Amino acid sequence: MVMTRKNSNSKKFVFLCAIFASLNSVLLGYVYSKSVVTICANYFADVGVMSGAILFIQEDLKISEVQEEVLVGILSIISLLGSLAAGKTSDAIGRKWTIAFAAIIFQTGAAVMTFAPNFRVLMIGRLFAGIGIGFGVMIAPVYIVEISPAIARGSLTSFPEIFVNLGILLGYVSNYAFSGLPAHLSWRIMLGVGIFPSIFMGFALFVIPESPRWLVMQNRIEEAREVLLKTNESEREVEERLAEIQVAAGMANAEKYEAKAVWHEILYPSPSVRRMLITGCGIQCFQQITGIDATVYYSPTIFKDAGIRGNTQLLAATVAVGFTKTMFILVATFLIDKVGRKPLLYVSTIGMTTCLIGLSLTLTFMGKGKIGIGLAILAVCGNVAFFSVGIGPICWVMSSEIFPLRLRAQASALGAVGSRVSSGAVAMSFLSVSRAITVGGTFFVFAVFSAFSVAFVHTCIPETKGKTLEQIEMIFQNEGEWNRQELEMGDIQQLVQKE
């Protein structure tokens, strides 16, 4: 009875830690929603519908179209700098306090934007917010990976992706709730509301512990043991985990764990580290170059090209995309530690490829009729569903759990930079590429990238379900063990039957 109660308490504690660590991801989604609304505004503004913060900023501060594009597009560029800096910072001050630092930076940016008297000050606030988001996006998965037990690590590490979508939803709600206010107040309140998740994060710091693996790296063994006692189900398991972490930390400390040594190992990797970098950075890039941000950012463009004309219908179709994305991330959370990473990635990448080909053919050959519109909506919703059930959340899980302790923070940061660069490149080139080769042709290009991602999953992604972080490291070090990770087709068939 006592053991059952302890098991329950440890699970609840880890669950709360994962939720609190993911709060910064709400901020990414919240700010992201303002960018999505900007795209939608291009279609709704001509009939006088004042929707989204950017429209009120245009009216109040009299910014130009170029300034609007810079205001929206700068986020991805600045957030990648934050992600890159977060790696070294988290190694220096710890995972927990890096999360706190991210919240403070974002709060500063949100406050500056809320009271900005002109475009220049607004951009300064946007820069702070972007850096804070970059820190938060990188450190949350690393912290959750390091504090979670192996049996639930995949589900818990997918929480940040869920919270990103929650932030998008909150952004849409705030746009609607405050749109009736005067222009000089509405956009300031819309942006200022983004401060609240950071405030909750401040309270969370009194609850969440430091990462036990970082504590071991600092030779704070007893503190690490206390954390492991809270997050694991038995003292025997605690001692086993602590021994594994100490071995891994001992290897890092033997190399003095200096930043120069870390980057030297990343830039001149051993065969095992090279495999890790290919897997971690590759899955981050494939997550974005298959066009998910273009699908979400420019869903009004897609649906308008398919033949939808009414503003109400455009909005309804866009909301359907967001709802589908959120619901299927929840499905992934339940399946990732039961089915495994690799089967879900196969289903995800194959499904996305099919939907992207279908969308390309529909936009190119089906014209503007009702059948074409229905197929376009189905293809877009199917694409975001397959993304959310697999590569969307699993990308962050894999890139945080595969690297050894001595490299984890900075290698994960490098992967996050790859994700941000790929995302920005796709989002900023979509309209120009679509004008050159049509929207249908653009999605055919995304389908080709998605097909390559299937091959990438087959050759470069091992199964990590149920393994400790130290065991995962051994998979990459032992090529024979890697080969034994190959997925059998029966696993995929079993997954399809479950769904």
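Heads up, residue numbers simply count up from 1 along the chain you see.
A Cβ is built for glycine as well, from the same backbone N, Cα and C atoms used for every other residue.
Since this is a predicted model, take the numbers as computed values, not measurements.
Here is what TrEMBL records for this protein:
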- 17-465: domain 'Major facilitator superfamily (MFS) profile' (DOMAIN)
- 12-30: transmembrane segment (TRANSMEM)
- 36-57: transmembrane segment (TRANSMEM)
- 69-87: transmembrane segment (TRANSMEM)
- 99-116: transmembrane segment (TRANSMEM)
- 123-144: transmembrane segment (TRANSMEM)
- 150-173: transmembrane segment (TRANSMEM)
- 185-208: transmembrane segment (TRANSMEM)
- 314-336: transmembrane segment (TRANSMEM)
- 343-365: transmembrane segment (TRANSMEM)
- 371-399: transmembrane segment (TRANSMEM)
- 411-431: transmembrane segment (TRANSMEM)
- 437-457: transmembrane segment (TRANSMEM)
Tertiary contacts of the transmembrane segment (343-365), defined by C-beta under 8 angstroms and 6+ residue spacing from its ends, are 286, 290-291, 302, 305-306, 332, 335-336, 372, 375-376, 378-380, 382-383, 385-387, 389-392, 394, 438-441, 443-444, 446-447, 450-451, 453-454, 457-458, 461, 487, 491-492, 494-496, 499
Report, as numbers and ranges, every residue of the chain located at least six residues beyond the transmembrane segment (99-116) whose Cβ falls under 8 Å of a Cβ in that stretch; write 'none' if there are none. 21, 23-24, 27, 61, 82, 86, 89, 93, 122, 124-133, 135-136, 139-140, 143, 188-189, 191-192, 194-195, 197-199, 201-202, 205, 208
Are the transmembrane segment (12-30) and the transmembrane segment (150-173) close enough to be called in contact, which here means at least 3 C-beta pairs under 8 A that are separated by 6 or more residues? yes
Average the per-residue pLDDT over the domain 'Major facilitator superfamily (MFS) profile' (17-465) and send me the rounded value. 79
Verify whether three or more Cβ pairs under 8 angstroms connect the transmembrane segment (123-144) with the transmembrane segment (411-431), leaving out any pair fewer than 6 apart in sequence. yes
Report, as numbers and ranges, which residues of the same chain sit near the transmembrane segment (437-457): CB under 8 Å and 6 or more residues beyond its ends. 282-283, 286, 289-291, 294, 301-302, 305, 342, 345-346, 349-350, 352-353, 356-357, 359-364, 391, 430
